[in-house]
Amino acid sequence: MESTHLLSGSKKRVKIHPHTVTAKYATQAPHSPQPGIHTHFPQPGDEGYDDAPSFEDFGSFLEETSDKKRLTESKKWPMTLFGSKDKNKDASHKLQATGGGGEGSEGGAKAVKGSGKGVGEQLASFGEASVSASRFTWLGLFCAALAHGCLIVLTRLAVERFSLGPLFLLLVRSIVQLLSVAIPLYRGQNPFGPEGYRLRLLCYGIAYSLSLCCAYSSLTFVSPGDGTTTWRLATTALSATLAFLLLEERLGLADGITTAAGLCGLGLLLLPTTDESYSDSPIDPVAFWKGAFGWSLSALAGLWMALALVGYRSLKDRVGMGTALFTVSWTGCLLTPATLVLLQEGWSWPMSAPAWGLILGLVACSVAAFLGMTHALTRLHPALVSASQSLEIPIAMLLHLAVFPVAPTAPEVVGNVMVVLSVGWLVAMKLLPSRGGGRRQREEYEEILESPIK
């Protein structure tokens, strides 16, 4: 899209692109009936009329102006905590890749111009590619939730059947995951991250390891079900808040309502049972404060995990998943022994082959869950990633019923159903085609192509 006008005796030629605006100047000025200012917009058939962006550029333009990017420059804070420079670098990289809207966009416009059928074909191909990538991401998130559910049950089995301490399990898990250093070394990358992002990567690893230390420590004071539910609820709620405050990324209205419904379901799971509510026995002060400390550790674990998710979201494609896993592993090897000493948890060593097999299963599940979540963070909002992992609670409940046949209470059933429905609705909104949305985007796209003002 171009427009030319006369300003101070020179010809200014402006080319508008979804990501940038470029200007070219010439010494010759067109004839103007009004002295001083002349405005001319190319008409169909004139030079510059066909310099319209292709539908791929238009799709990325719509994505940039979607509800998660609606904070205008006037409403943005002067400086964000994470990556204000990185966004500018990303924009420059995109500009270089697209060539500044030159011949590539002109060719795309010529391919589209002519009939509505070409627009529809490009619309369909763009939608299919987007849905395919989204399906892979959500499949990874579902596998991560399944791994998290298995991790909860295996941890409980290790603690109750083999008398292994939760922090000892975390320490062994971190030591075994140090083998992930082979991934960045094989790719010729620095295991401690690229230059310029190492401090941020270190903060991410410390936050993630502190979250795991707090979560595993809380299992000594509260039940695994209550600790995990509190951890997930706090992570989802705080990641939505911190992503908006630190990255200026906010949830859309539909995503926010669906996530809030899932949080309500998690809240129902935390309601006390009938025996706990109407118990007439006196409350032991020591037991009360131990329980309060355990709940506080679970909430603190949610805060650290939310910071970790937002931190990796700011890094995105600059740090690979192997490097991130190694960072979490070596920081965990440093922080877990310190937590063991601080809480004075007893040291127990597995003495049987089934115990070691259980530990290896814990490591495999933790790696699978980490990779699924980390990959999704490069594409989705941190709150949506955490909300999708709420499926770990219903999965753990089903697996727990298979191992420990105990009938769940009514609030637990209703809460788990709400969690499943909220995540299912969230996935349906992201993957199922929206006819109304596609029609609206196509109408906007055709309106720009047919407009005489280019």
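Including glycine, each Cβ sits where the backbone N, Cα and C put it.
Taken from TrEMBL, the feature region 'Disordered' applies to 27-52 (among others).
Annotated region 'Disordered' per TrEMBL: 82-113 (among others), in sequence order.
The compositional bias 'Basic and acidic residues' feature in TrEMBL is assigned to 84-93.
Sequence annotations record features per position, and here TrEMBL assigns compositional bias 'Gly residues' to 98-107.
Annotation source TrEMBL lists transmembrane segment at 136-159 (among others).
Positions annotated as domain 'EamA' by TrEMBL: 139-270.
Within the chain, the transmembrane segment (165-187) has long-range Cβ neighbours (under 8 A, six or more residues past its boundaries) at 155, 158-159, 209, 212-213, 216-217, 219-220, 320-323, 325-326, 328-330, 332-333, 336-337, 339-340, 343, 345-348, 359-360, 362-363, 366-367. Residues or ranges marked as transmembrane segment by TrEMBL: 165-187 (among others).
TrEMBL lists 199-219 (among others) with the feature transmembrane segment.
What TrEMBL lists as transmembrane segment is 254-272 (among others). Counting only same-chain residues 6+ beyond the ends of the transmembrane segment (254-272), those with a CB under 8 A from a CB of the stretch are 225-226, 229-230, 232-233, 236-237, 240, 381, 383-384, 387, 390, 393, 411-412, 414-419, 421-423, 425-426, 429.
Taken from TrEMBL, the feature transmembrane segment covers 292-312 (among others).
The transmembrane segment feature in TrEMBL is assigned to 324-343 (among others). Among residues of the same chain six or more beyond the transmembrane segment (324-343), those with a C-beta under 8 A of the stretch's C-beta atoms are 165, 167-168, 170-171, 173-175, 177-178, 180-181, 183-184, 191-193, 201-202, 204-206, 208-210, 212-213, 217, 220, 312, 367, 370-371, 374.
What TrEMBL lists as transmembrane segment is 355-378 (among others).
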Using a Cβ cut-off of under 8 Å, list the residues of the same chain at least 6 residues beyond the transmembrane segment (136-159) that approach it.
165-166, 169, 216, 219, 224-225, 228, 355, 358-359, 361-362, 365-366, 368-373, 375-376, 379-380, 385, 388-396, 398-400, 403, 427, 430-431
